[in-house]
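Visitor: Starting off with a structure, shown below.
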C-alpha cells in the first residue's frame with residue numbers, strides 16, 4: 001500500500017444499512033454522501049459567544065489576538081467558499097423540494113465576517129456579540145515513513161480522536177494502544193480505533209487497552225522496554241528453548257493494520273513512556289504539534305467573558321426572543337450554554353428556570369472516563385487504569401481489588417461525582433458569568449408538569465417557588481462543609497457514636513446515624529467536599545411546575561445527535577432507535593405545551609439530521625394541537641425544512657412538512673457552505689387553549 005494512502009485522514013462514515021437507505025430517500029444519494037463526508041470533519045471556524053454583561057466583542061477580540069499570538073497558533077485557512085451556486089448544486093440531487101433564498105443573507109453576512117482576519121466579529125444583524133476564529137485544514141503531514149521502519153504510533157479511542165480533531169490534546173484515558181518501545185519525548189503518529197463490523201452482526205473496535213502495536217502488516221515486534229510483559233516473556237523463552245530463535249523479536253501479523261488506513265489524525269510528542277501511559281490515570285499522553293485540522297483551543301480562556309458555542313445554538317436562543325421580566329423554562333438545560341444565552345438576552349432581568357435530570361448511567365460514566373481526563377477523580381481511582389505491563393502478582397492483586405473492593409464503591413462514587421453535576425455545572429457557569437436570574441432544578445422533562453391531585457405541600461415545591469441558589473451558593477457550600485466536619489468528628493468512634501445516637505422512638509430529639517453514613521462522612525473529609533458541595537451548590541429538586549406558568553419554553557430535546565461533528569462512527573443507530581428518539585421527544589413536547597401560557601412561545605431544537613426527530617415532530621405538534629402555529633424566526637440563516645413523507649419497508653409512513661411550512665423552520669446542513677453542525681429549529685406560537 002502506498003504510504004500516502006495509508007498515513008492520511010480520509011475516513012468513511014459507517015451507517016446501519018437501513019438507516020443509510022432512509023437518509024438516501026430523504027436527501028438523495030449524492031447529497032447524503034456530502035453530508036456524511038462533512039460530518040467526519042470539524043467546522044473550519046470556532047464560534048464564540050461574548051458575555052455582553054461583562055465585556056464587549058471588541059475587547060474580547062483584542063484579548064484573543066494576544067492569546068493566539070503568544071501561543072504561536074498559525075492560521076492558514078484552506079479557503080471558505082460561501083457562494084449561492086454551490087449550495088444550490090448540493091441540493092439538486094435531493095427528491096425533496098428545498099429553496100435557498102432564505103439562507104443567502106446569512107451566507108453573505110458570514111462571508112463578510114471572514115474577510116476581516118483570523119478573528120472577526122459576526123456581521124449577521126443581531127449577532128454582533130458573536131466572534132469567529134478561523135482555523136485551517138485539512139493539512140498534509142509527513143509521518144517520516146520508511147520501508148521496514150514505520151513511525152512509532154499511538155492509537156486513541158474514537159471519542160478521544162473526535163476531541164483531538166476539535167483542538168484537544170491526547171489525554172491518558174483516551175489511549176488504546178501504543179508501539180512497543182515508545183519513550184518520553186518520542187515523535188509518534190496518532191491514529192484512531194473506529195468500530196468495525198463484528199462476527200455477531202454488531203460493531204466493535206477489537207482493540208484492548210494496552211495492546212502493543214506493530215506498524216507493519218507483517219514483521220517484527222522488538223522486546224526492549226516491554227520485557228516486563230508476561231506474555232511476551234513467555235514467547236521469548238519458548239523461542240529460545242524450542243526453536244533456538246533470537247528472543248529480540250517475534251514474527252507476527254498486525255490484525256489492525258488495515259483498519260487504521262486513512263485514520264491518522266496528526267503527529268505529536270509523547271509526554272511519558274508507554275509504561276507510564278498505561279500505569280497512570282490522568283495527564284497528557286501526547287502533545288499534538290501537527291494536526292490535520294488546526295483549531296485553537298479556548299479551554300479555561302477568558303472565563304466569564306466568553307462561551308464556546310455552535311452558531312445554530314446561538315440562533316436558537318434568539319429564535320426564542322426572550323424579553324426582560326419574563327419567566328422562561330429551559331427543559332433540557334445541561335450543560336447550560338443556551339440557558340446563559342437566554343439570560344444574557346434578557347439582560348439578567350426576569351427568571352430563567354433550567355431543569356435537567358441527574359441520575360446514574362453506568363454507560364455514560366464509562367464513555368466519559370474513556371474520552372476525557374477526570375480532574376476530580378481521586379488518586380485511589382487508579383483502578384480504572386489497570387497496569388497491563390505489571391508483573392503477575394500485581395495483576396492478581398488488581399483483579400482481587402476489582403472484584404471485592406473497587407467496583408461497588410467506585411461505580412457509586414463516580415455516579416455521584418460525575419453525572420449529577422449536569423445541573424450543578426449550569427449553576428457554576430451562571431456564577432462565572434455573573435448571572436442571577438437562573439434557577440436550576442433536578443427534574444425529568446417527562447415529569448415537568450406537576451399533578452393537580454398532589455397535596456398543597458407538594459404543590460409548594462412547584463415552580464411557584466423561586467430557588468435563588470446562584471446567589472447563596474457559597475454560603476450554602478460553606479455551611480454544608482461545616483456540618484460534614486462536625487458530623488465526621490463526632491463519628492470517628494463508629495461503635496460509640498451509633499450507641500449514643502440511637503433513638504428509642506420515645507420523644508427524644510436524637511437521631512440515628514448509621515455506620516455507612518459515618519464512613520461516607522469520613523471519606524468526604526479525607527477526599528475533600530466533592531463536586532456536590534463545590535461552587536454551584538446543590539440543585540433544588542422539583543416535583544414539577546404548574547400548567548400555563550411560563551411565558552416561553554425552550555425544548556432542546558435529547559436526540560440521536562447525528563448532526564454533531566466531527567463524527568467518525570454512526571453505525572450504532574438503527575431505524576428502531578431513531579423512532580424511539582422521536583417518541584421520547586413527542587412526550588417531552590406534550591409537557592412543554594402544557595407548561596407554556598396562551599400567547600406564549602415554544603422553541604424546539606435538535607442537533608441531528610434525522611427528519612424523524614425534526615420535521616416529523618413539527619407535523620405531530622401541528623396535527624395534535626390545533627392552537628399551535630409555526631412562527632417566523634429571527635435571525636434566519638439556516639435553510640428550509642424537508643417537505644413530503646417517507647414510507648418504510650414495514651409500511652410505516654413518516655410525515656414531514658407540508659408545502660408552505662418549510663420556510664418557517666431552520667435546518668442547518670453540515671455540508672452547506674455555512675459549515676455548521678447539523679441542526680434544526682422550529683418556533684411555535686401558542687394560541688388560545690380553549691379551542
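Placed from the backbone N, Cα and C atoms, the Cβ positions cover glycine too.
If you look up TrEMBL, you'll see 607 marked as active site, nucleophile. Per TrEMBL, S-adenosyl-L-methionine binding site is recorded for 332, 333, 334, 335, 336, 337, 338, 356, 556. TrEMBL lists 239-369, 548-687 with the feature domain 'SAM-dependent MTase RsmB/NOP-type'.
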Visitor: As a test of reading the model: what is the averaged pLDDT for the domain 'SAM-dependent MTase RsmB/NOP-type' (548-687)?
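Guide: It averages 96.
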Visitor: Largest pairwise Cα distance, Å, within the listed S-adenosyl-L-methionine binders 332, 333, 334, 335, 336, 337, 338, 356, 556?
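Guide: That value is 13 Å for the farthest Cα pair.
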Visitor: When you average the Cβ positions of 332, 333, 334, 335, 336, 337, 338, 356, 556 for the S-adenosyl-L-methionine site, which other residues in that chain have a Cβ within 8 Å of that mean position?
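Guide: So the additional residues around the site are 330, 339, 354, 426.
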Visitor: Cα-Cα separation of residue 556 (S-adenosyl-L-methionine binding site) and the residue listed as 'active site, nucleophile', in Å?
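Guide: So the Cα of the residue listed as 'active site, nucleophile' lies 9 Å away from that of residue 556 (S-adenosyl-L-methionine binding site).
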Visitor: How big is the Cα-to-Cα gap, in Å, between residue 338 (S-adenosyl-L-methionine binding site) and the residue listed as 'active site, nucleophile'?
Guide: 13
Visitor: Looking only at C-alpha atoms, tell me how far the residue listed as 'active site, nucleophile' is from residue 332 (S-adenosyl-L-methionine binding site), rounded to the nearest Å.
Guide: 13
Visitor: Give me the count of other Cβ atoms within 10 A of the Cβ belonging to residue 338 (S-adenosyl-L-methionine binding site).
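Guide: Taking all protein chains shown, residue 338 (S-adenosyl-L-methionine binding site) has 23 Cβ neighbours within 10 Å.
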Visitor: For residue 332 (S-adenosyl-L-methionine binding site), write down the residues of its own chain that are at least 6 apart in sequence and whose Cβ falls under 8 Å from its Cβ; none is a fine answer.
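Guide: Correct list: 355, 356, 445, 555, 556, 557, 558, 588.
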Visitor: For the domain 'SAM-dependent MTase RsmB/NOP-type' (548-687), what are the DSSP-based totals of helix, strand and coil residues?
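Guide: Helix (H, G, I), strand (E, B), coil: 37 helix, 43 strand, 60 coil.
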Visitor: What is the Cβ neighbour count of residue 556 (S-adenosyl-L-methionine binding site) at a 10 Å cut-off, with all protein chains included?
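Guide: Excluding its own Cβ, residue 556 (S-adenosyl-L-methionine binding site) sees 22 Cβ atoms within 10 Å.
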Visitor: List nothing but the one residue from 334, 336 whose Cβ has the fewest other Cβ atoms within 10 Å; the candidates are the binding-site residues.
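Guide: Relative to the other binding-site residues in 334, 336, 334 has the fewest Cβ atoms within 10 Å.
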